[in-house]
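The ATP binding site feature in TrEMBL is assigned to Lys382. Residues or ranges marked as domain 'Protein kinase' by TrEMBL: 353-627. The region 'Disordered' annotation in TrEMBL covers 666-695. Under the heading signal peptide, TrEMBL lists 1-23. According to TrEMBL, the feature transmembrane segment maps to 296-320.
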Amino acid sequence: MAGLTVHGAPFYVLLFLLWLAESQEGADAVGGGLYFPGFKNAAANLSLAGIAKIEPTNGLLELTNRTSRLLGQAFYSSPLRLKLSPEGSALSFSTCFVFSIVPEYAKLGGHGLAFALSPSPNPAALPSQYLGLLNSSDIGNFSNHLFAVEFDTVQDFEFGDINDNHIGIDINSLASNASAAGAYYADDGSGKVDLNLKSGKPIFAWIDYDSGSTVVNVTISPDSTKPPKPILSYRVDLSPILKEYMYVGFSASTGLLASSHYVLGWSFSIGGGGSKAIELSSLPSLSGPQKDHRHALAIGLSVSSVLVLILAIGTVFYIVRKMRNADPIEDWELHMVPHRFSYQELKRATNGFKGKELLGTGGFGQVYRGTLVDTRSEVAVKRISHESKQGIREFVSEISTIGRLRHRNIVQLLGWCRRRDDLLLVYEFMPNGSLDRFLFDSDQKKKTLTLSWPQRLHIIKGVASGLLYLHEGYEQVVIHRDVKASNVLLDGEMNGRLGDFGMARLYDHGSNPSTTRVVGTLGYLAPELSRTGKADALSDVYAFGAFLLEVVCGRRPIEPKATAEELVLMDWVWERYREGKVLDVVDSKMGGAFDENEVLMVLKLGLLCSNSKPDQRPSMRLVMRYLNGEADVPESARAQEALESERDRIKFEDFIESFASSSFEKKCSSNPSFVLPLSSDSTPEVPYGYADHTR
Ligand SMILES: *[C@@H]1O[C@H](CO)[C@@H](O)[C@H](O)[C@H]1NC(C)=O
Ligand SMILES: *[C@@H]1O[C@H](CO)[C@@H](O)[C@H](O)[C@H]1NC(C)=O
Ligand SMILES: *[C@@H]1O[C@H](CO)[C@@H](O)[C@H](O)[C@H]1NC(C)=O
Ligand SMILES: *[C@@H]1O[C@H](CO)[C@@H](O)[C@H](O)[C@H]1NC(C)=O
Ligand SMILES: *[C@@H]1O[C@H](CO)[C@@H](O)[C@H](O)[C@H]1NC(C)=O
Ligand SMILES: *[C@@H]1O[C@H](CO)[C@@H](O)[C@H](O)[C@H]1NC(C)=O
């Protein structure tokens, strides 16, 4: 608290002017220097956006608080001249600042903070992994003219982050050009010392750019002594990246999890002179309010023990009441990453789970549309029916898996809620609903749009990229186990996003997936699953193959209404392919408007992926290469004979018959999910037992 309140602001204004004059005597007398030892009285100097604010009492710049999915930006209100002319070369600059990241849960960061040079004082940006700097449509675009140094506390696989405690140099993108784990070089030459960016303690950072050597150095330290060597040194000429005038400042964001991001003090200068040093003693204190609180409590206690007694009785009453209403929080809930919503919040968001808001009924329960009262953002709330025995298990699986996944082709789980037997999952709202509606419903009363071929291909590529991420991009292998058109959702821009992770399973890279009950959907289930019960990446590839055929043909993999020949889509496509008439299978709703080569490529790929022999199927990485035209899809080596022997035809068709005639028909056609109980490695008597999860 010492700094500003003791010395008073005018002192610093004077200091600043003196120092400004001094730096202008230097080699580059352009622009100027900024010096903020705390931000008290600096409201006029900064352009604040999002939830950024200056604590009026102590001059702490708070970029975000601990509320999920918000951003805060604070840029110096006038642009600084960083080049002598629009085509000139970028000038050297230096900055020093002190920041602190205080996470909601000690070990889990909620996104991060960045120092940025931006052409705008409040970029149109998104929170979470975008750090309030960019949005999903301008990532990587050269016209961003953005230079940033990120202090990131979440590992985003989308942007190739190295870990959840790193520093990165970002140019026009959040995929860092160079990054390093949080650490500094000790003064005594003893080497690198790890530094936890989200420790809640003040961290000093220096960023220096030298126009002569075109090198950016980033250095951090737990105290005000600048370490002898930078932790990150990256050679880049900023001349083409920076504009003549740039705004300098900070941006921070929170994600599913949240941290408070603070800047305690900041200096910035142009020219080679280095930035003004900041002393910790001059900075606003972080622990101020907390101390006051404890102090107040201490006084309270000493004032009167009677008060304490009353308080205690009150507390007991409160706890008893609370326990009656509250759900006990179980162990697993404590380890869950996404936000836990209160039941009241979700009830209000969905108008008390009114039928009007019902979006659909899935295998595990109902999905409602809702609008969060606080942020006015639209969400989809999945309510898992409590009679479901499956319920809790699926719920835990879903939260622990998808809550930590981040990819643009995956439906983001925002949080969850549990109230007695009601289990609720909150997702990003996908305005265009599920893909199967577009593919299969267009001849029904509600005339939905028919997807064009380019749209279909775009969705296919998106789903492939999401699946590749699940298989290879995450710290564990995630097997989706239920890839199908009805689990692909479409966002506002018609991007395909994989959803419904109710059955997803994780295992470590390189380890063997264990045998579990076979779950999935008939028509997408890889044949080996019924034998081995081991769902692995290649069984997802099989389902993806069925999905490809579905999208091209606009038909379900098993169509009970079709003729015997066309009953199983895969066999039908294969038959036509062998006859050399494969284009006959293409969805007639596209009216023949498609690129034949692309359609042929996707159909061949669909057949390749749905090969009955797992070792003949490509990995998702290879699938991506085929889809991007980087390799030609080989002629499918699938042998129909082999397929025939894989399947127990009679049992299979028996099943189809009962399937088609049963009262489940309606339900099945929207969500035919099958559970096959499997006792270790024995071959089951009846291959496909239908189990209705909602019963
Ligand atoms: C901040 O704004 C005040 C009032 O406009 C001005 O006197 C002061 O010089 C500014 N400080 C900086 C560092 O720009
Ligand atoms: C964070 O800031 C927002 C906007 O000012 C406010 O609505 C919210 O209550 C704050 N959250 C916390 C935890 O202080
Ligand atoms: C994304 O950022 C760009 C550049 O700042 C802006 O023009 C565009 O409107 C933004 N898009 C969205 C969806 O916010
Ligand atoms: C980059 O942004 C500019 C202007 O916002 C836009 O016209 C252009 O299409 C974008 N380029 C790419 C590759 O997205
Ligand atoms: C690194 O920076 C350059 C600009 O100099 C940019 O074009 C490039 O895409 C960046 N590379 C990566 C891997 O982010
Ligand atoms: C960056 O770091 C290197 C290595 O320590 C040093 O030689 C160089 O002078 C530094 N450059 C700047 C601009 O600080």
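Just so it is clear, glycine is given a Cβ too, placed from its N, Cα and C backbone atoms.
A sphere of 10 angstroms centred on the C-beta of Lys382 (ATP binding site) encloses 24 other C-beta atoms. In the predicted structure, the domain 'Protein kinase' (353-627) carries a mean pLDDT of 80. DSSP gives Lys382 (ATP binding site) a strand state.
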